Amino acid sequence: MNRLQVELPGLSLKNPIIPASGCFGFGREYAQFYDLSVLGSIMIKATTEQPRYGNPTPRVAETPGGMLNAIGLQNPGLEKVMNSELPFLEQFDLPIIANVAGSQAEDYVAVAKAISKAPNVHALELNISCPNVKTGGIAFGTNPEIAADLTKRVKEVSEVPVYVKLSPNVANIVEIAKAIENAGADGLTMINTLLGMRLDLKTAKPILANRTGGLSGPAIKPVALRMVHEVSQAVNIPIIGMGGIETAEDVIEFFYAGASAVAVGTANFIDPFVCPTIIEELPALLDELGFDHISECQGRSWKQTCHSR
C-alpha cells in the first residue's frame, strides 16, 4: 500500500508533495539535482499567451521569516511552453499542473484552451491572485462575481480539471471560494502571497522597484493554515494547501486544516532537495502520529469523525 497516494480530480498523485508555481520554474534546474518523478506533481510557472519580461529590478527582498517578490509573471509565453518546456517534462512520470495567467479574461481562456490539450497536463491552476502585476492577476481574485465568471469561462474550454488559486488579500476568502466552487471549479489552491513592502533605511524608499511585493515563506504559514481551515469547511471540492511549508510536520498541519495535498514554494530556494526530503520523512511521521495513510489526517482539526488507529 502506498501510504502517501492521493487521488484528486484529474490527478493521481503518488504522494501529496507538489513544488509550487513560481518557485520551481519548469523543473529544468531542479532536474539536475534529483529525479523529478519522485514528486507528486509539478505546478509549472505561470504561462501567459505572450512572453512577459516581468517587473523591473530589484524585484526580490529578504524579510524575517520569508521573502518579498515582485517578479511580475515573467515567462516565455504559451508557444515556447507548449513546444519546449512541457515536452521536456514528458520524460518524468508525473502529472503536470499548468498555471494559467493573463491580463484579461480572453487571455486566460486562450491559454487554458491550448495548454489543456498538452498530453502531460492533467489539470490547470487558474492564477487569479498574483499581487505583482498592473492588470489582471489579483483583480480577478478579489471579487466573487468576477472570479466566478472567469472560472466558468475557463471551465467551458478546458479539457482537464480546473483548480483556482485564491488570494489571501481579501476580506472574506470563504465567500470567494464558494462562488468559485459554484462556478464549476474542480478544486482550489491556497494561498497565494500576502501583499507587503520593505523600505530602505537610507533613502526611505521602497526596496522593490514595484514598491510592493508578495510575501511568502514561513511567516505566512499561520495565515495560510487559518484560511485553509475556514475554506475547507465551507466547500466540497479539494484544496491544495500552500504557504510556508518547509517540513513533513508542516504538511501534516495543512492536512489537519483540511488540505488534500500541498505545494512547497519558497523553501525550494533555500534547499533544492526540500521536496524529496519531505516525501522521505512523511512515512515515519505518520507512524509516530498513529496513521496508516495520510488521508486519515485530512480535516482532522474540524472533522469529529476522524480518528487515528
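Just so you know, glycine gets a Cβ as well, placed from its N, Cα and C.
Some features that Swiss-Prot has for this protein:
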ACT_SITE  CYS130  active site, nucleophile
BINDING   SER21, LYS45, ALA46, ASN99, ASN127, LYS165, ILE191, GLY217, GLY243, GLY244, GLY265, THR266  FMN binding site
BINDING   LYS45, ASN69, ALA70, ILE71, GLY72, LEU73, ASN127, ASN192, THR193  substrate binding site
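Ranking the binding-site residues GLY72, GLY243, GLY265 by the number of CB atoms within 10 A of their own CB puts GLY243 at the top. The distance from the Cα of SER21 (FMN binding site) to the Cα of LYS45 (substrate binding site) comes to 5 Å. ALA70 (substrate binding site) is 15 Å away from ASN127 (FMN binding site) when you measure Cα to Cα. Secondary structure at GLY265 (FMN binding site), as computed by DSSP, is coil. Per the record's binding annotation for substrate, residues LYS45, ASN69, ALA70, ILE71, GLY72, LEU73, ASN127, ASN192, THR193 show a top Cα-Cα distance of 16 Å. When Cα-Cα distances from LYS45 (substrate binding site) are compared across the binding-site residues ILE191, GLY243, GLY265, the shortest belongs to GLY265. Largest Cα to Cα distance within the recorded FMN binders SER21, LYS45, ALA46, ASN99, ASN127, LYS165, ILE191, GLY217, GLY243, GLY244, GLY265, THR266: about 20 Å as a whole number.
A Cα-Cα distance of 14 Å separates ALA46 (FMN binding site) from THR193 (substrate binding site).
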